[in-house]
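Here's the structure, in structure tokens; my notes come after.
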Amino acid sequence: MSTIETLRHGELPAWGSRLVYGGDYNPEQWPREVWADDVRLMREARVNTVTVGVFAWSSLEPREGEYTFEWLDEVMDLMAANGIHVVLATPTASPPPWMSLAYPDALPVTREGVRLMHGSRDTYNPASADYRRLARRITRVLAERYGDHPALAMWHLHNEYGTVSYGPVTDAAFRIWLRERYGDLETLNHTWNSGFWSQGYGAWDEIHAPQATQYLPNPVHALDFKRFSADQLLECLIEQAEIVRAVSPGVPVTTNFMLPTWNHIDQWDFAAELDVVSIDHYPSARDIEGETHVSFGADLARSFNGGRPWVLMEQATSLIYDYAQARLFAKEPGRLARNTVQYLAKGATGSLFFQWRSPRTGAEFFHSPMVPHAGEDSRVFREIVDLGRLLEQLGELAEPATDVRVNENRVAIVWDADSWWSVETRALPSDDLAFLPAVRAAHRALWWEGINADVVRLDADLSGYDVVLVPSKFAASDAEADALTEFAENGGHVAFWYTAGSTDENLSVRLGGFSGAFASLAGIRVEEHHPLAPDETIALTDGSVGEAWSEDVQLRGAESIADYASGPLAGRPAITRTDVGDGVVHYLSTRLSAGDLRRHLARIAEAAGITRDHPDAGDGLEAVRRVGAHGTHLFLINHTDSPRTLDVSGEDVLTGTRLAGATTIPPHGWLVVREETEARAPRA
């Protein structure tokens with residue numbers, strides 16, 4: 001049984017001496033007599049933080065303007081009395097039924113023009129003035145009532161921003177956004193090339209959101225609508241953040257990104273408005289692919305948070321929905337703890353879960369919780385209790401909320417919303433130009449090679465990196481090309497994948513060759529695209545295999561390090577390199593197979609002097625060094641079915657054992673090693 005902690009208003013436990021531990025708590029779904037049992041089990045599991053109110057709008061405001069806060073008052077006081085911090089959510093992701101009846105324009109409209117009704121979640125239109133007004137009001141009422149409550153540790157604004165709506169209300173807001181962006185119709189028509197298919201606009205009222213059309217929509221119109229939709233959601237966030245900061249100053253503000261698959265927001269823009277980034281992460285692979293996914297999500301979260309410690313707002317204890325196979329699968333014993341240690345290695349402040357207790361029914365009543373339907377006498381709850389003990393043992397990883405970088409990575413992968421949105425147009429020559437698979441493949445190749453990486457947007461300071469990978473940058477601005485040129489000239493190593501820079505940032509093709517924005521930097525000219533059939537491959541002279549895509553590349557100062565060995569491009573360059581200033585630029589004109597991509601990126605990393613956090617890292621042994629004000633910790637995680645023996649120096653944090661020399665990590669086991677270095681402030 002854990003001791004009762006003295007709460008500090010406006011601070012998470014991790015900003016003191018304990019890692020965050022707990023989950024999404026929904027007491028409004030249960031009778032009051034269950035609440036006492038909840039607290040008993042929370043204390044047994046060493047829970048110190050719960051998220052409350054995420055989907056509670058109808059319980060807080062059952063009728064417009066009529067509030068029932070008594071239950072939440074009781075819950076907040078109950079948590080405070082038991083030393084449990086509360087991350088209090090604004091419930092605006094799931095409006096109550098009365099809103100949809102009283103304000104039908106607040107309901108979302110699909111691309112096909114169908115108005116959606118309540119009965120699920122996310123049933124709102126971000127452009128609706130009524131929705132925005134009512135969301136601001138419930139936010140203010142909550143802030144005024146609980147802003148100085150001793151249990152309040154942080155504000156959780158909304159939930160998984162990502163709703164997109166069409167229809168008349170959205171059309172009006174979209175026109176205002178377009179006016180601000182373009183100023184006049186002449187500029188808009190030029191940028192959109194509206195003369196194609198007789199789409200020239202003579203009045204602003206002629207423009208609508210890109211709803212269902214007879215055939216292909218204008219790709220720039222569609223791209224601008226994605227930008228507009230993201231800005232609408234950002235405005236919603238900012239409105240709520242301004243309210244809670246004014247009413248309860250000093251209490252940190254967050255929202256939870258659904259990573260990595262939801263792309264209706266620009267995470268970099270959102271992160272700039274938050275005090276700390278939080279993520280929800282649900283890897284759905286049964287095999288070791290799931291561990292590569294955990295690493296990827298953690299790297300995204302830390303990078304969006306400027307390299308600082310971040311909050312794992314949601315993960316699953318066991319059952320996870322596998323979207324590829326449309327079924328749930330359970331995590332095997334031990335995987336929950338191992339995955340949590342992965343997140344910690346990469347900067348997490350602890351672990352929260354969705355959710356504390358399984359609801360008896362409801363849309364997600366088989367989503368795995370901390371207290372399952374089977375109750376406390378269950379494998380899952382026993383693992384939850386064990387994990388609570390583990391996180392207490394690792395309490396020295398808790399960091400104050402300071403501007404520090406917890407992982408000192410020298411490789412960066414370019415990630416930005418525009419790059420993703422730009423390749424979602426249906427007008428491209430192949431569906432295989434998708435953004436997320438390309439970025440995941442690059443990150444996965446590095447993971448298997450034992451190399452850790454950040455993600456960056458190209459307007460960031462790149463000087464702290466030695467290698468920048470650009471797996472998907474179909475649309476690129478001149479400023480982005482200039483940034484990478486400066487990086488290479490100053491000694492950086494850059495690798496572009498196929499189609500990089502084909503268009504400007506507004507999907508206008510750069511004439512003279514498809515390598516457009518990066519042609520002079522890469523020392524090449526791409527004359528023609530050669531997409532491959534779904535099952536087609538192409539051989540390269542270095543033994544590599546290309547898939548999905550190929551290009552007719554001409555050398556303009558670069559050298560070929562591998563040519564095509566088969567197909568119509570046989571003898572033409574496939575992979576090139578060129579010296580630029582003190583740096584090197586590579587170009588990959590085909591999608592390399594997983595193993596070949598790994599080998600190629602390993603060569604680039606070696607040439608750039610990249611070192612692993614442990615020399616034996618790779619092939620399923622993950623090594624991550626976490627640095628902080630309290631010292632340096634090396635995480636060694638064996639994701640394989642075989643033991644791994646390696647040299648380790650330091651102290652096992654869990655046992656206090658001094659390690660010096662050969663140490664064996666069992667299959668699916670792990671170590672957290674306190675290294676014998678002076679405590680230091682990490683790289684800012």
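Placed from the backbone N, Cα and C atoms, the Cβ positions cover glycine too.
Going by TrEMBL, these are the annotated features:
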type     : residues   : note
DOMAIN   : 24-393     : domain 'Glycoside hydrolase family 42 N-terminal'
BINDING  : R121, N159 : substrate binding site
ACT_SITE : E160       : active site, proton donor
ACT_SITE : E314       : active site, nucleophile
DOMAIN   : 410-610    : domain 'Beta-galactosidase trimerisation'
DOMAIN   : 620-675    : domain 'Beta-galactosidase C-terminal'
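Mapped onto this structure are the features recorded in TrEMBL.
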| residue | record | Cβ neighbours (10 Å) |
| --- | --- | --- |
| R121 | substrate binding site | 16 |
| N159 | substrate binding site | 26 |
| E160 | active site, proton donor | 21 |
| E314 | active site, nucleophile | 24 |
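Here the domain 'Beta-galactosidase C-terminal' (620-675) is broken down by DSSP into helix, strand and coil counts: 0 helix, 38 strand, 18 coil. According to DSSP, E314 (active site, nucleophile) sits within a strand segment. Put simply, E314 (active site, nucleophile) is 11 Å from E160 (active site, proton donor) when counted between their Cα atoms. The distance from the Cα of N159 (substrate binding site) to the Cα of E314 (active site, nucleophile) comes to 11 Å. In the predicted model, the domain 'Beta-galactosidase trimerisation' (410-610) has a mean pLDDT of 96. Taking CA atoms as the reference points, R121 (substrate binding site) and the residue listed as 'active site, nucleophile' are 17 Å apart.
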